[in-house]
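Colleague: Handing you this structure, nothing more for now.
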Amino acid sequence: MKPLILASGSPRRKQLLEQMNVPFTVCKSTIDETFDPTFPPDEVVQQLARQKAQDVAKKHEDSFILAADTIVVFQGRILGKPATEQEARQMLSQLSDQSHEVLTGVALLHQGQVETFVETTEVRFWPLTDTEIETYLQTGEPFDKAGAYGIQGLGAYLVKELKGDYYNVVGLPLSRTVRALKVHGFSTRF
């Protein structure tokens, strides 16, 4: 079996794979993650995941590469990671008492062949007060996460309802990813 490389610097994706006893190493992709906002969100996440995998494969040609990209989509608009506190505040205000989608594109690459899929989860926030938003901003948690929140941390307080894969919102649709790895011969707990 070829070694598995996670093409991500995300500590959350690393923790999720470790949780499932999947043997892997990490090699962070260095691609420019800007995208054309006119593209459909599912194409954006698949393309970014594919580009990350291809970037890492240049250094690890014989390895099996796993890459992912997660975005939040609100009213047809992609919300990435906020660049400023004001942007994070605006995102959280928009998401207050509303539903949005979290999409993760996953790419599995080996010997030039790429398989991709997209997982979508619907999330609804509670109505948030300005004080709740400001308190959450002060934690620093919103700034490295798409949509300005982390469901696995203090951001769980914001979430009223979830339809779909919880782990997808964290950053990697775990069951579907591990099942895909298993199809390719990777050892898992199952």
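Heads up, the Cβ atoms here are built off N, Cα and C, so glycines get one too.
Checked Swiss-Prot, it gives:
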SITE      Arg12  site 'Important for substrate specificity'
ACT_SITE  Asp69  active site, proton acceptor
SITE      Thr70  site 'Important for substrate specificity'
SITE      Gln152  site 'Important for substrate specificity'
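Let's see these features in context: how buried, what's close, how far.
Modeller: Using a 10 Å Cβ-Cβ cutoff, Arg12 (site 'Important for substrate specificity') registers 18 neighbours.
Using a 10 Å Cβ-Cβ cutoff, Asp69 (active site, proton acceptor) registers 28 neighbours.
Taking all protein chains in view, 28 other C-beta atoms sit within 10 angstroms of the C-beta of Thr70 (site 'Important for substrate specificity').
DSSP assigns Gln152 (site 'Important for substrate specificity') to coil, not to a helix or a strand.
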Colleague: Within 10 Å of the Cβ of Gln152 (site 'Important for substrate specificity'), how many other Cβ atoms can be counted across all chains shown?
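Modeller: Neighbour count, Cβ to Cβ under the 10 Å cut-off: 17.
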Colleague: Say you check the Cα of Gln152 (site 'Important for substrate specificity') against those of the recorded positions Arg12, Asp69, Thr70; which is nearest?
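Modeller: With Cα distances computed to Gln152 (site 'Important for substrate specificity'), the winner among Arg12, Asp69, Thr70 is Arg12.
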Colleague: Fill in the CA-CA distance, Arg12 (site 'Important for substrate specificity') to Asp69 (active site, proton acceptor), as an integer in Å.
Modeller: 12
